[in-house]
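Colleague: Among the features that Swiss-Prot reports, ATP binding site is placed at GLY55, PRO56, ALA57, GLY58, ILE59, GLY60, LYS61, THR62, with the record citing sequence analysis. Sequence annotations record features per position, and here Swiss-Prot assigns compositional bias 'Basic and acidic residues' to 506-518. The compositional bias 'Polar residues' feature in Swiss-Prot is assigned to 548-558. Annotation comment: Swiss-Prot describes 468-607 as region 'Disordered'.
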Amino acid sequence: MVWFKMMSAIEWAEKYRPRTLEDVVGNKKAVRDFRAWAEEWQSRIPETRAVILYGPAGIGKTSSAHALARDMDWDVIELNASDQRTAGVIEKIAGSAASMNTLFGSKRLIILDEADNIHGTADRGGMRAISGIIKGTLQPIVLIANDIYGLTPTIRNLCLEIKFGSVQSRSMVPALKKVCGAEGVYCSQEALLQIAENAGGDFRSAINDLQAAASGKEKLEVEDIGTAGRDVKENIFKAMQKIFKSTDCKKALESAYGLDESPEDLVHWIDENLPIQYARKDGNLEDIKTGFGYLSKADLYLGRVKKRQNYRMWRYASMLMVCGAALSKTKPYPGFIKYQQPSLWRRLGQTRSKRDMRDNIASKIGEHSFESMHYSRNNLLGLYSRMLKDEESAVEVTANLGLELEELMYLTGSAKASKKLQKIYDKAQKLLEEGKNETADPDFFKAPVPAVDNKQRTLSCPVIIQEEEEKPQKEGSAGKSDPPGPHSSERKQKTLNMGFDSLLETSEKKENSEKKENSGYLLVDDPKPAEKNLFSFSPSLLEKKNFSESVEQKTSSKPSKKGNPANNEPSKQKILDKVTPTESVQDNAGDGAKKAEPKNQKTLFDF
C-alpha cells in the first residue's frame, strides 16, 4: 500500500508534465525566445548552436526542452546527473549524436540536464568535452542549469542564455485547477491559491502538495491545506521589511527564526540592506553607525562559533544583528525599499569558476609533487606560473600535470587563448598521445632477462626412437643366428636435433674422425620402444678418449672381423662403466645370454 502511494505521487508529477510549449506555466518570454532559437535550426545552423536554460528548480526548464522536441518533431538524447558524465562518456554519446544526422534527415535535440554539476573526479574532463562538442555540433544542444555561474566562461560564450524565473502564484492556480478537474477532486480557489503560495514559485512542488492534500479526499478546503502542505518558510524579502520597519524586537526575531537561512547568511543580508534602508535623503547617519555597531558585535559571536564549535552562540548573534538593526533607528522610514541580495554572493558566484579552476590546478600540482591541495594552492601555484614563461618547460609542465587550455590561461594570467598558448597546449597533447611524458618503470620492476653468452656451447642429445627388434627366425634356423653381441639386430634410428643442426651433420659425416671429441651423442638401449630420452650434458665431464671409443663402438653396424666378439668385451665394459644409462645392458657374450650389471655403473645424471 505504501509502495502504491509512492508510485502514485511520482506518477502525478510526470502525468501532467507539459506536452507542448503552450502548456508550460509561466515564463512566456523565455518560452518565446527558446522557440525562436529552435526555428532557426529548421532552415540553417544558427550562429549559437547551443542554448542554456537556467533558473531555480521545478519551474519547467527540462519540461520546456522536451515539449520543444515534440513541437518540432525532433528525437531526444538526454544525459542527466544520474549518468556518468566524463569526457569519454560525453564524447561517445553526445558527441556522436551531435556529429551525425538522423535516418530521415530530422534534427536530434541533445539535452544535458544539470550541466552546472559536472565537476569532480567522477566527471573529469566533462566541461572541456562539452565545449568541444558545441563548437562542431550539427544538432541543437540544450544545457540546463540552476546556477549559470557553475558553467565555464568558454561554454557560456558559445551559448544563448535564457533565464527562467520562479512561477508566480497567480499563474499556478489555473494549471492546478485543471489538474483537479482531471483527477475528479473539487478544490476551492482559496485552497489552490494557498498551495501555490506555499510552493514558493516551484510548480512541481505545487503539484506534489496538491496530490498529498487530495489523497483519499474528493473535496479540498483551505483548512485541509494547513496540515497537508509543506513547511512554509518566511520569505527573505518580507523578513527584511519586518526587521527594518518594526520597532518590536520580538516580532523581528520571530520573522528571522522563520527564515531558512543560517545566522552566517542572515548577517550578509542585513549588512547589504542596512545602508539602503537608512542612508536616504531623510536618513540619519547615526542610525547607520549604531546599526553597524551591533552588527560587528554579532559578527564576533559568529567568529567564536566557528573557532569553538559552540553553536549556542548563534542565539546571541541573532539577537544582536536583528534587534540591533530594528532598534537602531531614531525615526520610522516609510515607503517601499527594494532590498538586494548580498553582493558578496554575487561576486563569489562570478568568481566560482575561477576558484574551482584554481583548486583543480592545485590538486593536480599536489598529486604530482606529493603535497596537499592547500599547500600547493598557497605555495606552488606561483612557482608553476613562473615555469610557464619558458616555452619548453611550459610544454613539459602542461603534459605532466594534464592541464587544460583554460587552466593554462589561468596560470599565465591570459584573458583569452593566444596562439602561443594554443601552440604549447597542442605540443603537450602530442606528447601525451605519444606517451613520451610517461615515466619509465624502475629497473627493479622489470623482469630479469638473462645475458646471452655467445661463447657458451651446449650439446643436445638427439631423441632416439628405437623400434622393436625383429622376431627371431624360424626354429630351424635358430642355430644359424647372428653372432652374439650388442649390435646383433638391425635398428632404425630417428634423430631430432635440438637446435644444433650443423653440429649433427658434422658428427654424421665424420663419425670416425677425431673431431668427434668436441661433440657427443649417446645411444641408449631402451627396452621401451618409442620412448624419448632427452639428455643434455657437457663434454668436459667425459674423458675424450673413452667418449670417442664409445661413439665408434656404438656407430659400428657390424662386429669386428679380426677377432671374436668376446674379445671386445673389456673395452665395451670400460665404456659402459662411464657412459651407460640406468637401464641394464644385456651381455650376449657366451652361449647363455646373461644380464650383467657392471659395478660402479654411472648414469648421465652422475656427470
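Using the three backbone atoms N, Cα and C, a Cβ is placed for every residue, glycine included.
These figures come from a predicted structure and were not determined experimentally.
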Colleague: What same-chain residues, at least 6 away in sequence, bring their CB to under 8 Å of the CB of ILE59 (ATP binding site)?
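Modeller: The list for ILE59 (ATP binding site) reads GLY26, ASN27, PHE164, GLY165, SER166, VAL167, GLY201, ASP202, PHE203, given in order along the sequence.
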Colleague: Any idea what DSSP makes of THR62 (ATP binding site), helix, strand or coil?
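Modeller: In the DSSP reduction, THR62 (ATP binding site) maps to helix.
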Colleague: With every protein chain in view, how many other Cβ atoms are within 10 Å of the Cβ of GLY58 (ATP binding site)?
Modeller: 21
Colleague: Under a three-state reduction of DSSP output, how is ALA57 (ATP binding site) classified: helix, strand, or coil?
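Modeller: For ALA57 (ATP binding site) - judged by DSSP and reduced to three states - the answer is coil.
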Colleague: Is it possible to get the count of other C-beta atoms within 10 angstroms of the C-beta of GLY55 (ATP binding site)?
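Modeller: If we count other Cβ atoms within 10 Å of GLY55 (ATP binding site), we arrive at 22.
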Colleague: For the ATP site (GLY55, PRO56, ALA57, GLY58, ILE59, GLY60, LYS61, THR62), what does the 8 A shell look like? I mean other same-chain residues with CB within 8 A of the CB centroid.
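Modeller: My list of surrounding residues reads ASN146, PHE164, ASP202, ARG204.
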Colleague: Ten-angstrom check, please: count other Cβ atoms within 10 Å of the Cβ of PRO56 (ATP binding site), all chains counted.
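Modeller: Total other Cβ atoms inside 10 Å, all chains included: 15.
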Colleague: Taking the Cβ of THR62 (ATP binding site) as the centre, count every other Cβ atom within 10 Å, in any protein chain shown.
Modeller: 20
Colleague: Specify the count of other C-beta atoms within 10 Å of the C-beta of ALA57 (ATP binding site).
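Modeller: Step by step: centre on the Cβ of ALA57 (ATP binding site), count other Cβ atoms within 10 Å, giving 12.
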